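Feature list (source: Swiss-Prot):
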- Asp246, Asp257, Glu421: Mn(2+) 2 binding site (BINDING)
- Asp257, His337, Glu382, Glu421: Mn(2+) 1 binding site (BINDING)
Amino acid sequence: MSSYSQLFAQHLDTLQQRTRDILQQQGLSGLAIHSGQTHRIFLDDQDYPFKVNPQFKAWLPVLDNPHCWLLVDGVNKPVLLFYRPVDFWHKVAELPNAFWVDFFDIRFLTRPEQVADHLPANKQEWAYLGGHLEVAELLGLGQPNPEAVLNYLHYHRAYKTAYELECLRDANRIGVRGHIAAKDSFMAGASEFEINLAYMKAVGQGANEAPYGNIVAINRNAAILHYTHLSAQRVPDAERYSFLIDAGVDVHGYASDITRTWAWRRGEFADLIAALDAQQQEIIEEIKPGRRYSELHLQMHHRLARLLQATELVDMSVDEMIHTGVTNVFFPHGLGHFLGLQVHDAGGFMQDERGTHLSAPEQFPYLRCTRVMEVGQVFTIEPGLYFIDSLLEPLRLGEQGKRVNWNKVEALRPYGGIRIEDNVVLHANGVENLTRQAGL
């Protein structure tokens, strides 16, 4: 048995235990988990790229096959209903042959409606987990997406199994390879479009396999937080200032989410990247079990305020910068989020398995995690420092604008901004930085 198989066996045991617990709590007999269905483009005969239900891929890495089902009760061997139609128009999924196949009772469907032949007699006592409620109703499944079940599963998804951690390590190893190729491509004078091609070639995944749309931003485009335009226009060397890439990789359904920023030449912006990089590594060292993630985010704002002071961008005290929202202008997003089956993984606001919600602080509305940090959790840590026109203009017109060095801000605007993002695991004996240990 391979090491991956051994890790997967333990992973499945954990999922079975969680399933037993929530079924007992809710008086249910089982979960019918639907991989999903394709969505037809309006007034067209083509479908959008298929994206699998994350509740389905938690159990096994079947990521590209709609109309599959899992029937799980936490006790018996999980039943996988695997869709293999007779179809000469499209590629049919290969027969399962991977490290996970022995852990499932695999049955085949040639038509989606054949799932009805495999449902248990007491299907009214089974919950449906999936995005097609009309299918659940048609099949007579009892409860569609019960909130108590989803809350329980989402809360516990924050605690990664050894198998999940190995998938995330591999996603970082491969992702780092792509980031290095992207940097080399930028330094060779490539366009955003060409850089993205270099990244995808290095990691061996196309746009449909990637966990999210790659952000490949040259110069001012780095000030657009979710920039995915991918300009094919090459920028002349004399007008080339900076490059930000935020891109990940999918391994068995688990995502890496990595960001780096590079300067075209030495100078003040390169020094600013180095300074923020140092602050990012130091804030990672402050991750401890029992500390709330929102406290870490606030501490990062203190660090950023001191950096704004040291670089003479803002002439205010640290507390004043934070209290008046000046640091939010330069760092408007959250410090990070849970990472796993989804890039912004589930459970970031849940305080218990019942789903008790703790919103982001009013001062930091875009923070995606308010959980207490615990062993086994995986986060991104991604501080930023940006020069965003739509945020800088209100600051310039306000009272605090008098304390900003606008000459320096104007000199840095063409660079867009900086983001540095690592993926980290909290262990009992410290933090494992999956990204740095992969060589980036």
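Just so it is clear, glycine is given a Cβ too, placed from its N, Cα and C backbone atoms.
Structure coloured by features recorded in Swiss-Prot.
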{"residue": "Asp246", "record": "Mn(2+) 2 binding site", "DSSP class": "strand"}
{"residue": "Asp257", "record": "Mn(2+) 2 binding site", "DSSP class": "coil"}
{"residue": "His337", "record": "Mn(2+) 1 binding site", "DSSP class": "coil"}
{"residue": "Glu382", "record": "Mn(2+) 1 binding site", "DSSP class": "coil"}
{"residue": "Glu421", "record": "Mn(2+) 2 binding site", "DSSP class": "strand"}
Other C-beta atoms that fall within 10 angstroms of the C-beta of Glu382 (Mn(2+) 1 binding site):
21
Sequence gap of 6 or more, C-beta under 8 Å: which same-chain residues meet both conditions with respect to Asp246 (Mn(2+) 2 binding site)?
Asn214, Ile215, Asp257, Ile258, Thr259, Arg419, Glu421
Those binding-site residues listed as Asp257, His337, Glu421, and which of them has the most Cβ atoms within 10 Å of its own Cβ:
Asp257
So around the Mn(2+) 1 site, Asp257, His337, Glu382, Glu421 aside, which residues have their CB within 8 A of the centroid of those CB atoms?
Asp246, Ile258, Thr259, Gly336, Leu339, Val343, Phe379, Thr380, Ile381, Asp422, Asn423
Using the Cβ center of Asp246, Asp257, Glu421 as the Mn(2+) 2 site position, which other residues in that chain lie within 8 Å, going by their Cβ?
Ile215, Ala247, Gly248, Ile258, Thr259, Thr380, Glu382, Arg419
